[in-house]
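Peer 1: The Fe cation binding site feature in TrEMBL is assigned to His79, His81, His133.
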Amino acid sequence: MLGMGDLLGECRKVFDSGNVVDVDQVMSLLASYTSKPEEWKKFAKFDRHKYTRNLVDEGNGKYNIMLLCWGEGMASTIHDHSNAHCFMKNLRGHLIERRYDFPTEELGVMIEKGNQDLKLNQVAYINDELGLHRVENPSHTNVAVSLHIYIPPFDQCHIFDPRTGKQNVSKMTFWSRYGKRIPFQIHEKTSPAAATAAAAWTVQGETEVNTKNESLDNNVQHHPQQQAVVQVK
């Protein structure tokens with residue numbers, strides 16, 4: 001049976017074999033792995049204020065594999081993927097992926113064009129030709145963990161205000177690398193408009209506004225001393 005180490009090794013073989021990404025092959029590879037928390041929990045780092053991005057493998061600069069850890073009710077902004085391939089697999093809990101078209105010149109409220117439930121061990125794929133998406137943990141009692149592969153890797157993307165369709169550039173960082181916390185950072189280039197856009201989200205049909213106006217980067221921790229302790233079993 002495929003283990004986490006085997007999965008990482010097989011991904012390296014696939015992505016080192018050439019410059020063409022076989023989406024079906026990668027999807028099949030991810031589907032063949034059955035989540036075992038004891039294999040990935042050392043990478044699963046949570047924060048009580050924001051979801052976290054935790055680097056597992058940087059793939060010789062060709063791709064990134066990471067765990068995203070979602071606290072109760074947390075969600076991403078609507079975003080693109082900087083012309084990269086995005087694969088994701090649910091390792092724990094329940095996630096919802098919501099998809100959107102890129103805004104037209106006539107900006108306005110962004111309309112969801114489809115969604116899918118990602119239950120344990122299910123996989124999904126998106127790229128910019130397929131549109132934009134956002135991911136959310138709809139549970140207010142349980143956390144969620146997902147594994148993501150981005151090829152090629154990128155350190156910024158566009159985020160979109162769901163109320164207006166306006167876009168801003170979001171710089172992204174890792175909360176941890178290989179299971180170790182990265183020192184707290186604040187990006188000076190984060191604009192007030194981008195922060196405001198990132199602070200609004202919709203969960204389970206109710207619009208909630210983050211009145212703290214925190215940075216758009218979901219990995220900037222404003223209260224590092226208050227790290228949430230989540231026992232992954």
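Yeah, the Cβs are placed from backbone N, Cα and C, and that goes for glycine too.
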Peer 1: Could you tell me which of these binding-site residues, His79, His81, His133, has the fewest other Cβ atoms within 10 Å of its Cβ?
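Peer 2: Sparsest of the binding-site residues His79, His81, His133 by Cβ contacts within 10 Å: His81.
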Peer 1: Excluding His79, His81, His133 themselves, which residues in that chain have a Cβ inside 8 Å of the centre of the Cβ atoms defining the Fe cation site?
Peer 2: Ser76, Ile78, Asp80, Cys86, Ile126, Asp128, Leu132, Arg134, Cys157
